[in-house]
């Protein structure tokens, strides 16, 4: 046990130092330089030039979005303007353009038969929830369940021709952003753009924030005319503040947010209901119910501002210099395990030095005393 403890103590109380060994081998030298070249290329090309690791990034973008839609359309022989087809009307970053409306007029509170005849009450029990609260009574005259609620019940199987003109509507997006770390503010309407001639085009007029609805839908390559849908308008600000701040400009892209549900059998597209309430002369309340199919637009703003900073530059330079040493590690593995002269390289690279104690007799005042002296022995 004592010998084991002494062995552990001896192993612990050791010191290691580097020893330089020059290996004259073309193959190992080429591998070493290639690895170093790959590491340097990675840090220079990807880390510093592509990722711009010498800059500090501000991703806490502050953003404000105001929208305005213009255009006229025709739905069931009625001319529709912005007040008719935009919901909500406040001009926020999320809004809907109504393309089709199924209207149920003069609904009063009462008891009426269900319109949907999929569950005939002569063969099915009246326990299903349709357009109101099921009373459990079968209306034998029409063969459907009876419900309590707003009557007559809504019939959403009616086919209404969508408002075709909505593809020519225009959407103006007013976006202002701020990067708080650098206190930089920008707007998405450059002063060089002529407002009256401004319609967004990916190639010829990519900075114009006025978009034609049909162009947006063409870029998403999805049909939302009949059942509606959800469209994302993405505004991306990627700003290099080491350059002129006027070069900090937005990029626009469009995505169909509900694309994963197109093959779903339940709730395709996008629709919602709203009602307008009235009263008769005797005070009885009634309403007109609207089921609206719409294209829902959601404006999303993202951005990053970058500027030179000494701290990330020093950190990444030190990381690059440290990583260059990986070439030495790889070459050591090859020399110690793969080449024919591996044993000879091991003997040259690893040298074990021990300390031996010798006794020297010193004469003082006609007396001899022992004094410890240390000599270094080298084992190969």
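Cβ atoms here come from the backbone N, Cα and C positions, even for glycine.
TrEMBL: automatically predicted annotations, no manual curation.
Residues annotated as ATP binding site in TrEMBL: 68, 69, 70, 170, 271, 272, 273, 291. DSSP assigns residue 273 (ATP binding site) to a strand. Long-range Cβ contacts of residue 273 (ATP binding site) within its own chain (separation 6+, distance under 8 Å): 289, 290, 291, 292.
Annotation source TrEMBL lists disulfide bond at 112-151 (among others). Under 8 Å, Cβ to Cβ, and six or more positions away along its own chain, residue 112 (disulfide bond) finds 132, 146, 147, 149, 151, 152, 153.
Residue 138 (disulfide bond) falls within a strand when secondary structure is assigned with DSSP. If you look up TrEMBL, you'll see 121-138 (among others) marked as disulfide bond.
Listed in sequence order, 71, 212, 213, 214 are the same-chain residues at least 6 apart in sequence whose CB falls under 8 Å from the CB of residue 168 (N-linked glycosylation site). Residues or ranges marked as N-linked glycosylation site in TrEMBL: 168.
The disulfide bond annotation in TrEMBL covers 198-208 (among others). Sequence-distant contacts (6 or more apart, same chain, Cβ under 8 Å) of residue 198 (disulfide bond) comprise 205, 208, 209, 210. Reduced to three states, the DSSP call for residue 198 (disulfide bond) is coil.
Its Cβ placed at the centre, residue 248 (disulfide bond) has 19 other Cβ atoms within 10 Å. In this structure, residue 248 (disulfide bond) belongs to neither helix nor strand by DSSP; it is coil. Summarising the annotation, TrEMBL assigns disulfide bond to 239-248 (among others).
Sequence annotations record features per position, and here TrEMBL assigns transmembrane segment to 317-339.
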Collapsed DSSP category at residue 208 (disulfide bond): coil
Inter-residue Cα distance where the pair is residue 272 (ATP binding site) and residue 138 (disulfide bond), in Å: 29
Binding residues 68, 69, 70, 170, 271, 272, 273, 291 (ATP) - maximum C-alpha distance in whole Å: 25
For residue 151 (disulfide bond), the number of other Cβ atoms found within 10 Å of its own Cβ: 19
Residue 112 (disulfide bond) in three-state DSSP notation: strand
Cβ neighbour count within 10 Å of residue 272 (ATP binding site): 14
Under 8 Å by Cβ from residue 271 (ATP binding site), counting only residues of that chain that are 6 or more apart: 227, 228, 291, 292, 293, 294
